[in-house]
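Below you'll find the structure, written out as C-alpha cells, and then a few comments.
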Amino acid sequence: MKKAILSFLLIFTLILTGCVNTKSDVEEKSSGSGGSGDSSQPEIEILGMSSNEEDMNIVRDQLVKNGFKVKLNVQPDYGSYKAQQDAGNFDVAISSWTTVTGNPDYAVRSLFISGGDYSIMADEDVDALIDEASTQTPEEYAATYKELEQALVFDKAYIAPLYSSYKTQALNKDLLKPDSVRLSKSRSLAWETIDFQDEAKRSTDPLILSQAISTLTSLDPIKGNDGSINMLNSNMYVRLVNLTDDDKVTADGSLSHNFSIAEGNSEYYFLLRDDINFAKITDKEAVDTGEMVGAEDVIFSLDRAKNKDSVPDHRTYSLHEHIEKAEVVTDLSELEKIKQSGSDESVRAALEEGLDNEITELVDNNDAVDNGAGKYQVVKMTTTEPFPQVLNYLAHQSAGIVSKKQVEAINTYDVDKFDVNKDIPYGDQNTITEGAQYDNTLYASGPYILSHKNDYEAVFYKNPGYMTGTENEPKIENINVRFIADVDSSLSALRNGETHILYNVPENKYDTVEKDDKLQLQSMESNAVSYLLFNTEGREVSKSEDLRKAVLYSINQDEIIDYYQGNKIKAVSTVSPLVNTGNELKADADKAKEFLEKYQSGN
Amino acid sequence: MSTPKQSFMKKYALKATSEYAQANFTLVTSAALTFIFLIAGIDFSQMAVKPVLFSVFIAYAFFTLIQAFITYKVKRDLNQEGEIQRSTRAWGYVQLLSILTGNIFTASFAISLIKKRKTPQYIFAQFMVMAQVFVIAVSALNLFKPYVADTFLTGMFALIAILVFQLIVLFLIVKEKQQPNTPKWKLTVGMMLLLISFTGNLFALALGLFMLLEVFSSNQSTIDKWYNIWEKIAGNMTSMLGMFFIVFIFSISVCSYWTFDYDMAIENNYAAILQSPSLAYPLGTDNFGRDLFSRIIFGARISLIVGVLSTLIPFVIGGILGAISGYYGKRTDNILMRLLDILYAIPGILLAIVIIAAFGSNTVTLIIALSVGSIPTYARTMRANVLMLSNMEYVISARALGSSNLSIIFKQIVPNSMAPMIVKATLTIGGAVIATSSLSYLGLGIEPHIPEWGNILKVGSAYLESHSYLAIYPGLAIIGLVLSFNFLGDGLRDALDPKLD
C-alpha cells in the first residue's frame, strides 16, 4: 500500500517537473532586463499625494524593473505634500499642472523659468527659450517650444513627463439639454447656456452642481486662482474676452462686442457692450443696480489686477504683469489710422465687424453710451512688450470686471496696514456665509450672483441686468452649488438625481457613468499634464544628469495609458496639450541601463 | 427491558448528543453555501448557467443532500435507540469525500461522526490532515499560472510527503488501543510531528507536544489536565473550525515562501488588467494586473504578523505592569494604574494615527502604534486576576515559606492568572487584524503596493460596482480570520474557565 503511494507520487512528480515552467526557465527565455538585487542600485524617493497613489505605483514598478531601488513618500493631502516638497524630501515628485488660460506661456513660465512662482530650477537656456516664445505668434512659437522641450526634457531631464488627461463631465440628460452644457478645454463651466429639457422649470427648479471645496478663497476675482472659486468667479464676473471650447480667444459672451490687436502686438482695443448691469443682493434676492458695466470699471479692474499692492493677498498679479496700462479711447480717428496686426485693415474695421449699428461716436461717460445710436466705449490696453498671449490671461477669471464704485466703497482699508481681524475686504467669504457676519456686498457683472452659502451649498441667482433679450441671457434662474468633498460621493449624488452635473469624472468611473441610462459622459482633451519633477538641490538626481536620464527613459507612457484604459494621452511637457511640437518620449530600457551604468561608473 | 437510566438517556438523547447539534449546524451552513453557489452559478441577465460554478453547486448540493439524510438518520436513531447506530456512522465515510469539494463543514462533521469514542488526538490528527490537504490544494492552483516559483516543485513534494506521514499518524491514532503503557512509537512520531510543524501546521505541533507530554510526563494529573482542555476544545465544533481556518491561513502563508511567487503579487502587468476570475487568476486580477489570489495569500502574512505581534506586545507589557501593580498594591498600584488610565483615555485608533504620522508608516511603527493603545486593557485584566489570587491560601503559604516576591509573582500568581489573559488575547487578535486593515485602508498603514488585506480592500472599494470581486475576496478573508479568532477565543474560554467545570 505504502509502496504504491510512494511510486505513484514519484511518477506524479516526474510528470510535473516535465511540464511545469519555473520562474527561472521563463526569465532565461526572455533574458529579463530587471536589475539583480545588488546593493549598488541607486535609490529614488518618490513623493506624491495619496490621490496619486496609482501613478506612484506605476512609476515605482517601472523604476524597479529598470534596476532602481524605490522608496515611496505618500502624503495624505496637498498641504503635507507641499511641506515635504519644500523641505526637499524627494528625488522625484509627482506633479501636475493645468493651464487654465489655454496659452503655452502660462504653461511654462511660472514652472520652469528661474525665479518663477513654482519654479525650483535655474537654467539660462530654458529662460531664453521661454522669453523668446512669449513674443512669438502661434505659427512661430511651435518650433521654439519644440526646442524648449528638447532642452527641458531630453537634454537636461529636469522633468520626466507621464501623461496628459482628458477633461470629462457627466450630466443628467433626462433633466438637462445635453447640447446646452458646454465642455471647454480651459474655460470653466459656463452656466448661462445651461437649460432644462422642460423649459417651464427654468424659473421654478434650481440647477444643482457640485464642487469639492467649500471654503472659498475669495470672491474678489484677483484674490484667488484655485478650485474653490474658479467656477464661481468665472460665472460672477464678465471679462473682456472669453475662450471658446477649443481655446481660441473670442468676444462671444464677453463684455466686448469685438476686440482687435494693433500692429506691433503691443496695443489691444476692446469695443464694450452697453447691456450688462451690475447685480446686487438685497434681502436674498438678486436686484439690478441699474449701474452699467463700463469702461471705468474695466480700467479699474485691469489696473488692480496687474498691481501687486492693490489688495492684500493678491494671488494673480503674475498673470497680468504684462499689462502696462489701460485707457479709454475717445478719438474715433485713432482707430481708423491704426492697422490690425498682420492685416491691412484698420482697427475700426475689426471692431465694427458684425455690429448692428456702426460706430458714430466714442464716448467716455457711462451715461452717454447708447449702442443703439452708435455711441460706444472703447478701451485700449498696452502691454509692456509685444505679447499676443495676453488675451488668454484676460479670459482668465482673475481678469473679471468688478465695480469700481462698490469695491472702492468696501475696500477702505490701507493695504499696508491691513488687519485681517478688523478689516473686511471685498469678496470675503464670511460676508456671504450665513450667520452673524453675513453682509452681502457683492456686485456681480457676470450672469449669476452668489446670494448666500453655508457648509452644505452656495445659492446663486440670475443677474437680472445681464444681456437681457440676447442669446447670452442666463436661462435658469437659480443655481445651487453643493459642496461634496469626496468624488465618489459626488458621483453617487449625480446618479441618484441629487445633483445634475459632475465636473471631472475619475477614469475608473467612466464605465459606471456610461452604463447609467440617464447620464451622459462628455469628454475632451484637457490642458492638464502630470510629470515627475526632479529635485534640484542636495540629492543625487540633482547632481547627475545621467541618473535623471536613466529615470526619464524608464518611464513608459504606453503602460500608463494601458492602466487608465486608454483614457490618458502621451505628453512631453506641460505645453504638449497646447502646442503640437512633434516630440515624443519613448521608453527605452537599454538607454536607461546605459545612463545608469554611466552614472554608476562616475561614482 | 430498559433500565431507568437507559430510558432517561433515551429521552434526552437528542439534547445530550453533540453529533445531532453538529449535524444540524453542518446542514444549515452547507445548505447556505450550496445556495450561494447556485446564485453564483446562474447568469441571471441571460438566464444561462456558468459551467464551472454550476458544477460546484451540483457537487455541494449532492453532499448537502447526504448531510440531510445523515441528519435525519441521526435523529431517528437517537429517538428510537437512544444512540447513533453503526450503519449511520458508516455514512461518515461517504460524507468524508466531500473534502474533495472543499466543504470543510461537512468534512469535519464526517470526522466526528465516524468514530464513536472521539479522543482529542483523533480529532486533531484529522484536522491536521485536512489543513494539509487544503494547503496543498490551494498551492496547486499555481500550476495553472504561466510559470511557478523556482522552489514550487520541491515545496509541493515536501508538502505531499508530509501529508503521507500525517496519514500514517492518523492511522496509528485510529488503531491505538487504550493501554497502561505509552507505546514506544509516540516518541519518534511526536518528534517528527514537531519537526513538520515548521510548515505552519499548528495541529501537528499540538499533537506532537501532547505525545511528548505523554512520553515524558510522569505525573498523570498533568496529562489529564491537558487532555481535558484539548478534549473541550476538540468537542467544540465552531472553535475547531475557527482554529482550522487560522492554522490554514498560517500554514499557507509559511508555505507560500516556497510555493508562491512574490512578483506575481507586486509586479504590474498591464496586459492583464482587471480580469475576471479564471484558472490562471483564481480570484481575478486588480487594476494593475496583479494576481489577487497571490496578493491575498501574501497579505495573510502581514495581517497575521501584525495581528499576533500587536497582541503579544501589550500582552507582555500590560501583563507585567498589571501583575506588579496588583501584587504590590498601594502607591505602586495607584501610580501605575493612573498613568495607564491616561493612556486608556486616548482613543486607540487615534493614538495609532498620531504615532504613524509622527514616525512614518512601516510595519514596525504599525505594530507599535497598535500595541501601545491596548496596553491598559491587558494591565487591568492582569491586575484584577492578581488581586484575586494574591489572597489565596497557596500564595500566603508560599510567602510564609519565605519565597521572594518575584518568585511568588512569576511562579505562583502569573501561571494561574493566564487563562483570562489568553482568552482576551485571542479575542483581540481579530480586532488588531481589523485595525491593521483599517489603517491601510486609510492610507496610513503599509505602502500601497505591498499586499496587505486592507490595501487590497482599498483598491477593491473603488471598483465595487464594476469589479466587485476585488473587494469581496479580501473582505471575506478579513471576516473569516477575525471570526475564526473569535470562535477560537470562545472555545478557549470554555476550555480554560475553571468555573464551567
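From the backbone N, Cα and C atoms, a Cβ is placed for every residue, glycine too.
Features reported for this protein in TrEMBL:
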DOMAIN    B:300-489  domain 'ABC transmembrane type-1'
TRANSMEM  B:20-40  transmembrane segment
TRANSMEM  B:52-70  transmembrane segment
TRANSMEM  B:90-111  transmembrane segment
TRANSMEM  B:123-144  transmembrane segment
TRANSMEM  B:156-175  transmembrane segment
TRANSMEM  B:187-213  transmembrane segment
TRANSMEM  B:233-260  transmembrane segment
TRANSMEM  B:302-324  transmembrane segment
TRANSMEM  B:344-373  transmembrane segment
TRANSMEM  B:421-446  transmembrane segment
TRANSMEM  B:466-489  transmembrane segment
Near the transmembrane segment (B:466-489), which same-chain residues lie under 8 Å Cβ to Cβ, leaving out any that are not at least 6 residues past its ends?
238-239, 241-246, 249, 274, 276-277, 283-284, 286-287, 292, 296, 299-300, 303-304, 307, 423, 426-427, 429-431, 433-434, 437, 453-454, 456-457, 459-460
Output the single range from B:20-40, B:123-144, B:156-175, B:187-213, B:302-324 maximising the number of Cβ pairs under 8 Å to the transmembrane segment (B:344-373).
B:302-324
For the transmembrane segment (B:20-40), name the stretch out of B:187-213, B:233-260, B:421-446 with the most CB-CB pairs under 8 Å.
B:233-260
Quick one: find which recorded stretch in B:90-111, B:187-213, B:233-260, B:302-324, B:421-446 has the most Cβ pairs under 8 Å with the transmembrane segment (B:123-144).
B:233-260
